[in-house]
C-alpha cells in the first residue's frame, strides 16, 4: 500500500458485521467528580504508532504474517529444538531424568541462534557471547524502523528512547556458570540492560535506554514508558517492545512446579480445558512518535495510543496470585488518561495466560470495566494472541499490542484460536464481554471511532493497560493503479553494509516488484527506497522506466551482469569529503538535439523561458527556438546557448535534490559556475554572455584553437616569445589547448604531426583566451557598466582565470574581461579542490568535454578513490543521464535530498532488509560437572565415567580435561605447552585394569592441556589405550574431530608372578660413595635442559650416581609432615613414578638433552599396599639400549615395591631453557656492536633543542662543515613557530631534530629535572606529529647507561619513554643515543644505525640493546646465592605493600623465613576491632589484604602497616620516624613495589598525568635511598617493568618511571649496595600489569608471555644467585624458523620452532599460500589486500576472508582492542614487516593498511 501523511488503504474483508455498539452508551466513570467525554483529538498529546515488527514462532516474522496466522487460527506450538537443553543433560547425572519430565513443548523460533552479526559489525566471537535476546532485538528493531519509514541511520545522535521488556537470563546462566570459560564480553552480552543498550549503541541513540523487567507485563510497561518519554518531551521517537528466548530449562522447571505451564505446551485461552500456558519466544518492537510529529513527517499512522497506565496489585493471596480489583483500577486509570468512555471500546486484547485462576479473574475485571452497562447484543469483544504464538512473557504485552493495532487498523475482530468450549468458571451471560469465535467486521457507524484495550500482567503483581484507537483523520483511498503512472524513469536505490549483500537485496526487491509490487507505482517504490530506508556504505542504483525494466535490472545485479543505467559502488572512505564539485565546461559540448529532452522538463523550460527575453533583446534570436531546432550555426550562438543549457541543468539538478558544495568553471563555463555559486543571478550571467558574444563578432574568423598532447608548461616554454600563438587552456597534466591566428595554428598542427604528437582542431573560428581578444575588454566594460552586483559565493568557488584558484576576487566586469583573455587554468583548479579533500566531480554540460581531463589530473595527483561523472552525453536520453549522474554520486556518498525529487506517497509494503543469518551459540565445554562423571584429579588418573559397551571384554572410561582438571598438582611444560606426565598415564593404566603387571607401553604423543579435550581410556582383553580429541565446538557434528591415540599398552590379570627383589641400599651407597651428587642434581639438570617444573612435588634428599647407576632417596611430599595424610589419594603411584621417570632420565648426564619416556618394556607392582611417602629409586643402565634404564622403587629397607623394566627415552628437539626454565625466564641487557646500514639516512640539516648553551655550543662545533645548516633552539616550544614557516628546514625530509637535555648539578633536583626533561621531549614530539612534519626526532643523553651521576639519573626516564615514542610514532622517531663523550655529535651513528630505538656509544663504538641469558661470570659462589632472601632475625619493608603484588611478595618472604614485615601504603588500614566486620563483607576491597595479613600472622610472622605516601618529597623523615616507632630489628631488605599505572598515549600525556606516575617511582626510590643509605641493606629490590624495553604503547609515563628505577639500581650498585631492578613481564592476575585479554594480546604482539606467581618467585630465586644490577623477567614465544621478530631486542633469546608445521586446530580462515610479492603496483595491492583480509578474518574467526570488507572500518567489522593487538601480530608474521601499535588508528580499514604496507614493503 502507498501512504501520504494523510492517507491509508482501506481493507475489504468480506466478513459479517455484528450489531453496532453505538455512541449512545457512553457513561461517566465510577469516580466522583470525574467524567469521560468524547474528547477531540489533540495531536500534541497523543502518541502515534508508526511502525511495528515481530519475529515469532511459526514463521510469523512480520505483523502481517502474524495477522494471517490469527485469521487462520494457526497454533505454532512444537517441540523444543534438541540443542537447547543439551548442556544440561551433561551437567549432573540426575538431570536427564528430571529434564525428561519437564515440559518440552512450547512456541519456539526455528533458529534462535541465527543472527546477522556482520550487518551490525559484530565479530563472531562477540556474537557468540551475546544473548539471543539482544540479537533478536537488534534485527527486529531495524525492521520496525523500516516499517515506520524511518531510516535507522537518520536517528544517529538523536535522543530517541529505547524501552525493552526482558526478564529471561537463560543464556546468561548458560555462559556465566561455565566458570572456566567466562570472558569479558559476556557481562554486557548477557545483561538485561544489554537488550536496549545494544540498540542504542548500534544506532548511536542518546535518549533513555532502559530494560524493563515487570515479568509478563514488561513489554506493555515498556510501551507505557515510551509514551511518557514522548509526551514529556524527552524523546521525539521511542523504540519499545519486548523479547524472550528460552535457552535453558531452569525457568520452565520452576513454572512446571508452580503449575503455571501446560503439560501440552499450548495456550488454550478462555477454554474449559485450559490448565496453564505454553511458553513462547520471539521479539516484538513498536515505534512511537508524538501524533503531531508523525503527521508532520508524513508517517503512516497505524493507531494512536490514547492512554496507558501501570500499577501493582498489592498484597494478594500470594505474590503470584492475580487481583481482579487491581486489574480493574489500572484499566480505569488508562481510560481516564485517554479521556475515553469504556463503552466506546469495541475490543480488548486480554493477557489470558490459560491458567485456571488467571483467565476467570481477568475476564471478571474486563467485564467490570468494559461489559457493565452494555445493552444486550452489544458486547465488548475479547481475545488473546497467546494460542497462536505462545506466552512470550517479557514480550507478551507487545505482541498483544500489535494484534490489537492490526484489529483496529483493519476493522476486524479476529477469531480466537484453540477455543473449543468456553470456560465454565466464567459467567459469560452476564459479563458483557464476548470471545471472538468467528472473524467479524468491526461494527459501528461511519462516525464511530474504533478503539481497543490491551491488558498485560506480571506474576510479581505488575498490572498494565493501554487504550488505542484508529487514526480517524486518515482518509480512505484505494490502491493506486499503476496504469495511470507517468512513464518517467525513476531511480531505485539499494544499499548494504557489505558488497555481497547487494545481490541479496536486489533479489528480494526483484521478486517483490515482479509480484505484489506491480500494484504499487514505480514512483512510490522509488520514494520508499530513497526517503524511507537507510543508506549503507555499499550502494547500487538503477534507472528504470517501468516494473519489468526494474525487475530486469535488479536481476542483472543479482547475476553480476553490467547493465546500462545501473551503477554500484562503495561510498568514499570516511576520511574523504562527500561534497560534490560542479564543473561547468566551456565551448565544445554542443550537439544538435541536446535540448530536445531537456525542454520537456518543466524546470528547465521555465528557466530558459525566464532568460529568453534577455537573449532576444541582446542577440536578436529566441533561445527557446534555437534550442528546440538545434540551430547552433556560429560560435557566438554556441556561447550563449551553452550558458543557458548549463543554468537550466543546474536548476534541474537542484529540483532533484542535488546541491553543489564547490564549483569550477571552465572558460565560458565560469559564468554559469558563478551563477551556481550565488555570485551572480542567472539574469546577470545572461547579460555577460550575450553582450560578450556580440563583441566576439569583431574577431570571428580571426583565429583557431587546437588541443595538443603536450603539457601546458612545456607548451608555454615552446611558444615563449611568440605573439601569434599562446598556450590558452591547461586542460590536464598531459594536454593543453593552443589558441592563435589561423595560419599559425594550422602550421603548428602540421609541425606536431611530423613530430608524432596528436593534435585536434577545436570547432571555433574565434581564438578564445588569446591576447588579440584584449581589444574587446574596454568595449565589454562599457557595455556592462552598472549591470552587475556581484556577491560573495555561497559555496567554494575555484577560479580558472586567476593564478590562485582559491582567489576570492569579486566576479565583477574586470573579472570577466580577464576570463576572456587569460589562460584557463583547469588543472590548477582541480588540484586545489583535490588538496581541499574533494573527490566527487560532476560535469554540468550537454556532453562531457572536461571529465577526462579531471580524471587525468586526479590520477596524476595519485588519487585513486574518486568519481567524475557528467549530466548528459551526446545522443543519450537526458532524463536518464541526469538521474544516472545523481545515482552515481549518491553511491559514492554525496548528499541528495530525495524528497525534492520524490515528494509523493511511499509504499508501505516494500520488502525490508534481507538478513544473512549464521548460527552463533556458545557450546559449553566444561561439563560434566558431577564428581561421578569427571575424573578425580587427586587420584592422578584420567578415569571418568565408565560407559557400558556391548560385550563382556571391553570397557571405556570417558572424561573431559582442561587446565582446571589436569590429573597432577604441579606444572609440566614442554616447549611452552603443558602435558600430562608419563607417570599419570601409567597410573591410569594401573587403576583402569586393576593389574599389577603392564607391558609394552608405548608413549606415542603427549597429552596436551592447552585446550579442552575429550578423553577415552579403552580397556579390552589384554590391551589398554588412552585417546583424546579436542572438545567439539558448537555446530560440529557428533562424529567430527579426529581421535588421537596417545599411549598404548598391555596388561595381565592377577597379582605379580615374581617375588619382590631385595636391594642392599647400604652396599649401593658404599659403592657410589665417591660419586655423591647434590640433592637437587636432578631438578637442576632437568631445569637446564628445559623442564622448568615438575608435575609432582617430590624432592631428592640423598643422591649418588655415575653414568651406569644411581640411587636417590625421594620424598614425594617434602612439605607434608610424616604423620600427616598426603594431599592426594594415597593409592596413587603417580608421584613416586614421576620421580622414577625424571631421575631415570638424568642417568645420561654426560649428554645433557631434553628426553622423555617413549617406551617401557614392563611395569611391575609387587605390593598391594599404598606407595610410601619416602623411598629409594635405584636406576641402572639397561644393557640392551643406549638410552634405556631400569628403575626400581623400594622402601628404606631395600624391598622393591615397583619396577620399570627397560624404560627407553627419546630426545626432544629444542633449545635448553626454551620451555620455562629460569634460564629462559631471566635475562639481562647486553650491548653488542651495532650493524651499519648500507643505505644511510640523509641528514643535511640539524635543529638542536637544548636549554644548556654550553652543550649546544659544543655540539655545534662538532657539526661544523658536516651538515648544510644548524639551527639552535632553547626550548621545544620554539619549534612551534618554526614549524609554521613553510620555508623552514622542518619541512625538509633531510632534517633531524635533536633534543639534548642539559646537565644537573644537584641530586636534590633529580625529580624536578626528570619531569622537565620528559615534558620537553613529549612537547617536541607532539609538535612534529601534529604538524605532520617530515623530520625525525633524536635524543642525546649523557652516560645514562653508566648511571654514575645525578645528570644520568635525571635523564634516565627518557630512555624509557623513547621506546614508547618509537612504538607509537615510528615514522617520526630517529633514535636515542647515549653518548660517552658529550660534545662529540654522533652524526654517523644517526645516519647508519637505523634499526635500533636506543643506542649506546661505548669505547667509541655504537652498540644496540639485546636481551641475553644472565652471564655465568656474574654467578655468585654457592654460599652467597641467597643474596635476595630474608633472614628470620631481620625486618623487611615492602612499598605498595597492600597491593595485590605487594601482598604476594609478603607471602613469599614469609615462606622463605621472614618473620617481621612492614607494609607501606598510601592508605591506612582500619583498627583491628573493625576487621571482623570488614571480612564479613564479601564486597569489601580491604578484605583480601586483611585475610592475607591474618594468614601471615598465623604462620608466625609479625606484620606492621604504615600509611606513608612515599611519592611525597618530605616522606623520608616521616618514614624513618614511623619505622623507629615500631622498635623492630633493623630493616635489612626493601622491596619497592609501589606504583601508579595511568595508560596514556604520548600525544595525550599531560604534566599532571606524567607526574602522577613518576612520583611513586622516582621520588619513592629516592626517599627509600635516603632512609636506607648505601650498604645499610642486605638487598634493595626495585620492581620495574619490561614495557620500556619492548615499547608498549600507552605507557609513556610508566616506562619513564621504570627506566629511572633501572638506572637507580645501577647507581646504588656503584655505591656498594646489593640493589637490583627487576623488569617484570605481566603477572597473571596480579599487580598493575595483571594479565587481561588485552594485555595478553599486547604481550603476544611483542613476542612474549605473562608469568605465574610461582614463575615470578622462581625467577626471584634465580636472580638471587647472580651479582647483577638489572634483570628482565619474561618468556619468549616460539617463532617459526623464518618468522620476523616483533622487536630486535629479543634476537638472542627468541625461541625458534624446529619446523613450520601448521596447527591442526587453526581457524578455518587459513592464510593463503605465501608467494613472492608481485612487481606491479596494482598486483601488489591485490596481493596485500588478500593477505591482510586473511589476517583480519583469522582474528575475527570468520569462515572466509571474503567476509572482510576492505573499505569498512575495522572497528565496524568487530575488531576490538584485544583483536587489534592480535591483528598486529598476524600482520607481522604474514608480511614480515614490523607493525607499530598505533597503525590501525591511522589506517582504520584494510584499504588503508594496503597503502601503508605498499609503501613500507616498496622501500
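Here the Cβ of each residue, glycine as well, is placed from N, Cα and C on the backbone.
What Swiss-Prot annotates here:
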COMPBIAS  13-24  compositional bias 'Low complexity'
ACT_SITE  216  active site, for beta-ketoacyl synthase activity
ACT_SITE  351  active site, for beta-ketoacyl synthase activity
ACT_SITE  391  active site, for beta-ketoacyl synthase activity
DOMAIN    581-894  domain 'Malonyl-CoA:ACP transacylase (MAT)'
ACT_SITE  667  active site, for malonyltransferase activity
ACT_SITE  972  active site, proton acceptor
ACT_SITE  1129  active site, proton donor
COMPBIAS  1701-1710  compositional bias 'Low complexity'
DOMAIN    1726-1801  domain 'Carrier'
REGION    1783-1803  region 'Required for catalytic activity'
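Feature map: annotations from Swiss-Prot on the structure.
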residue: 216; record: active site, for beta-ketoacyl synthase activity; Cβ contacts under 8 Å, 6 or more apart: 351, 353, 391, 393, 394, 396, 397, 456, 457, 458, 459
residue: 667; record: active site, for malonyltransferase activity; Cβ contacts under 8 Å, 6 or more apart: 585, 586, 587, 729, 768, 769, 800, 819, 824
residue: 972; record: active site, proton acceptor; Cβ contacts under 8 Å, 6 or more apart: 978, 979, 980, 981, 1091, 1093, 1094, 1095
residue: 1129; record: active site, proton donor; Cβ contacts under 8 Å, 6 or more apart: 936, 938, 939, 940
Remote residues contacting the region 'Required for catalytic activity' (1783-1803) - C-beta distance under 8 A, at least 6 residues beyond either end: 573-574, 1717, 1721, 1724-1725, 1728-1729, 1732-1733, 1736, 1748-1755, 1759, 1764, 1767-1768, 1771, 1775, 1777
Cβ-Cβ neighbours of residue 351 (active site, for beta-ketoacyl synthase activity) (radius 10 Å): 31
Neighbour count (Cβ, 10 Å) for residue 391 (active site, for beta-ketoacyl synthase activity): 32
Whole-number mean of pLDDT values that fall within the domain 'Carrier' (1726-1801): 78
DSSP residue counts for the domain 'Carrier' (1726-1801), split into helix, strand and coil: 53 helix, 2 strand, 21 coil
Secondary-structure category, per DSSP, in which residue 216 (active site, for beta-ketoacyl synthase activity) falls: strand
